[in-house]
Amino acid sequence: MGCTLSAEERAALERSKAIEKNLKEDGISAAKDVKLLLLGAGESGKSTIVKQMKIIHEDGFSGEDVKQYKPVVYSNTIQSLAAIVRAMDTLGVEYGDKERKADSKMVCDVVSRMEDTEPFSAELLSAMMRLWGDSGIQECFNRSREYQLNDSAKYYLDSLDRIGAADYQPTEQDILRTRVKTTGIVETHFTFKNLHFRLFDVGGQRSERKKWIHCFEDVTAIIFCVALSGYDQVLHEDETTNRMHESLMLFDSICNNKFFIDTSIILFLNKKDLFGEKIKKSPLTICFPEYPGSNTYEDAAAYIQTQFESKNRSPNKEIYCHMTCATDTNNIQVVFDAVTDIIIANNLRGCGLY
């Protein structure tokens, strides 16, 4: 016997289909809004990722941006040299040429007078160049894991003649490498692959982390940044804690947080360039005494990745891991393209469309 739907049943079926269609459309619309939370300990490269989004997905740095970053470059450069000078005393390193002591006093005086954001005078520039060329300063620089030094110190100090020029304008790379502590939450908007991204960069130092809670609602994915090169360094805010151990502890608390049960987690093992150089001289056993492998980039990076992945206690949660160099625009462009594809697939799956 045939099964004929009554008019009422047909109307109910049409209503059901319409509701399902609306739900799917709502799902697609929701899937187009992506809220990304950029987390990680201090100095892991989060703010550099944000700057890259400005280069890749917006119009890069404006004339006003360049103007604002210029004093930051001056400050980062002279503050880095002053940090090495101070460490000379702490570590008991002698200058190659004793006459450099007068140069070091000039540098430290400029910093103590808070004139570090101003263009370098000809006299100051000469003093800085002599200092950076000193064998004792270079020896102290090579021991930078024993004190706190900006990652970009060598980059800036190798460019002193360019940065010290009267007509100096910061390049894109100069701006990418600037270091300013993030306080509070910085929000960035951009569109990519028909998705509307809202990217939240949150201060990573311990004092800033209590502010993260405000960002927890409706997060599409978390990008968690780790400085691979921090494995043999201690924190700025607590010189008894290894930076990599701090990142692992933080990742554990984020990955297994009740707020993020259904949130995709993307792990950026960042500063791979610095790590590749450092691992040749500084063994991974400084951080992981039980590490059995060789001190090659491939083996050591793979071991660190395993340490982070093992913190995930949810059998249904996948950690998407990428080795990154946040100052390399091409690398970040390729990685972010892959991250976006993961987000699209996961969003569609969440809407039952994939």
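Any Cβ shown, glycine's included, is placed from N, Cα and C.
Computed from a predicted structure; not experimentally measured.
The stretch that Swiss-Prot tags with region 'G1 motif', taken from the ranges 35-48, 49-62, 301-314, is 35-48. Within the list Asn270, Asn346, the entry that Swiss-Prot describes as deamidated asparagine is Asn346. Note on Swiss-Prot: of 154-161, 186-193, 266-273, the range annotated with the feature region 'G4 motif' is 266-273. Within the listed segments 66-71, 288-293, 324-329, Swiss-Prot records region 'G5 motif' for the stretch 324-329.
Taken as a whole, the region 'G2 motif' (174-182) shows an average pLDDT of 92 in this prediction. The highest number of surrounding Cβ atoms within 10 Å, among the binding-site residues Glu43, Asp273, is found at Glu43. Residues Glu43, Lys46, Ser47, Thr48, Ser152, Leu176, Arg177, Thr178, Arg179, Asn270, Asp273, Cys325 are listed as the GTP binders, and the farthest two of them sit 17 Å apart at their Cα atoms. In three-state terms derived from DSSP, Ser47 (GTP binding site) belongs to a helical segment.
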